[in-house]
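Undergrad: According to TrEMBL:
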| type | residues | note |
| --- | --- | --- |
| DOMAIN | 35-273 | domain 'Aminoglycoside phosphotransferase' |
| BINDING | 44, 61, 115, 116, 117, 250, 251, 252 | ATP binding site |
| BINDING | 233, 340 | substrate binding site |
Ligand SMILES: Nc1ncnc2c1ncn2[C@@H]1O[C@H](COP(=O)(O)OP(=O)(O)O)[C@@H](O)[C@H]1O
Ligand SMILES: CSC[C@H]1O[C@H](OP(=O)(O)O)[C@H](O)[C@@H]1O
């Protein structure tokens, strides 16, 4: 990967992106370059440059000094571009082929130049259309096990692990998660955004001290447990796929946190999708939920058996203890994701695009109920099949 040293920060336009692509010799000098801005996320600009044939493309993603969805009133560090590029590379070392290739970065412009994945589809969009992506859960289960195990103390020398903890210190992006996932939805906070028909359910959440105690414990794990290098925002909008391929993008929230957080966010987004489907279409999603966890466990155990880095790895019962903790954390984090995606600042299209008002409100009530039960009962839920059973009980 090249590191391009450019001038000071400026917000790129389609024209300056083309000049940059020429300056960096990313295409042959005669190619008639075309650029479009394709970013649909909350935070950054994403430019796609093609050579006119429409076939060869590259992606130039640029961080803005503020959150795009809110505007300049929400300043945000440009350092997130470097974190994202470094996390793509670090995760790519272990989850080979499951993340886009990074071609170049420039810290002062806050850009990452990477592989164009436009031949794939964002999983959230495909799932909403009823697709099921046969390889999704096997690939994501493996991605989770390989990235999380191999960046943890189970695999790394303690000096290397601690130096990665420092490299991936990401306080501003973590603060967004601390607020938007773990705090604001559980209090009457101005960032919340919910439909008036949900007022009673939302107030019940704000008044539920048992629920809030459990969320406080999960937030504490997020704040304090530097277990592995997380993606940090692994929702179905951060995954590209086809029938044959899966690629995880957008790890700008990467930092050292609890292993169950990435797993829980992915499962939470699958659970949201499950509630939006007709009964006869839910099985494909439930199979993905089960297979994600089962693949994660199988691959994590395979990694556990390799290498000698931690003498305690061979102690009877230790691996089972670790996996049990990760499972209960994952279930709780999934619950938080369900609640924040329903009533918090950042919604998901799976829910908001349900046109029929009654159906949309019913589905949102279900995601809230499921979220609450997953959080409060997570220590009594002892298998992934029990999660599926719980989903079936929610009317
Ligand atoms: N490598 C890529 N190849 C093709 N399209 C991409 C790529 N990365 C991002 N995109 C497009 O840009 C959108 C926003 O990208 P994302 O990284 O999620 O931005 P944000 O950080 O703002 O959420 C994606 O939903 C996708 O449509
Ligand atoms: C104001 S940030 C809200 C929300 O946006 C991020 O998602 P993405 O960058 O994928 O659009 C993240 O989930 C934050 O919680």
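Glycine residues also receive a Cβ, built from the backbone N, Cα and C atoms like all the rest.
Those TrEMBL annotations? Automatic predictions, nothing curated.
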Undergrad: About how far apart, in whole Å, are the alpha carbons (Cα) of residue 117 (ATP binding site) and residue 233 (substrate binding site)?
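TA: It is 19 Å, counting Cα to Cα.
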Undergrad: Around the C-beta of residue 250 (ATP binding site), how many further C-beta atoms are within 10 angstroms, looking at every protein chain?
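TA: A 10 Å sphere around the Cβ of residue 250 (ATP binding site) contains 24 other Cβ atoms.
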Undergrad: Rounded to an integer, what is the Cα-Cα distance in Å between residue 115 (ATP binding site) and residue 233 (substrate binding site)?
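TA: If we compare the Cα positions of residue 115 (ATP binding site) and residue 233 (substrate binding site), the gap is 20 Å.
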Undergrad: When neighbour density is defined as the number of other C-beta atoms within 10 angstroms of a residue's C-beta, which of the binding-site residues 116, 233 has the lowest density?
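TA: Candidates: the binding-site residues 116, 233. Fewest Cβ atoms within 10 Å: 116.
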Undergrad: On the 0 to 100 pLDDT scale, where does the domain 'Aminoglycoside phosphotransferase' (35-273) sit on average?
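TA: Overall, the domain 'Aminoglycoside phosphotransferase' (35-273) comes to a mean pLDDT of 97.
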Undergrad: Using Cα coordinates, what distance in whole Å links residue 116 (ATP binding site) and residue 340 (substrate binding site)?
TA: 31
Undergrad: Could you list the residues of the same chain, at least six apart in sequence, whose Cβ is under 8 A from the Cβ of residue 252 (ATP binding site)?
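TA: Listed in sequence order, they are 43, 44, 63, 80, 81, 83, 84, 87, 173, 232, 233.
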Undergrad: Near residue 61 (ATP binding site), which residues of its own chain have a C-beta under 8 A away, given they sit six or more steps off in sequence?
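TA: Residues satisfying the criterion: 39, 44, 45, 46, 47, 81, 84, 111, 112, 114.
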Undergrad: Of 61, 233, 251, listed as binding-site residues, which ones have a Cβ less than 6 Å away from ligand 2?
TA: 233
Undergrad: Around residue 251 (ATP binding site), which residues of its chain at least 6 apart sit with Cβ under 8 Å of its Cβ?
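TA: Once residues fewer than 6 apart are set aside, residue 251 (ATP binding site) is near 83, 84, 87, 88, 91, 231, 232, 233, 238.
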Undergrad: How big is the gap, in Å, between the Cα of residue 340 (substrate binding site) and that of residue 250 (ATP binding site), rounded to a whole number?
TA: 19
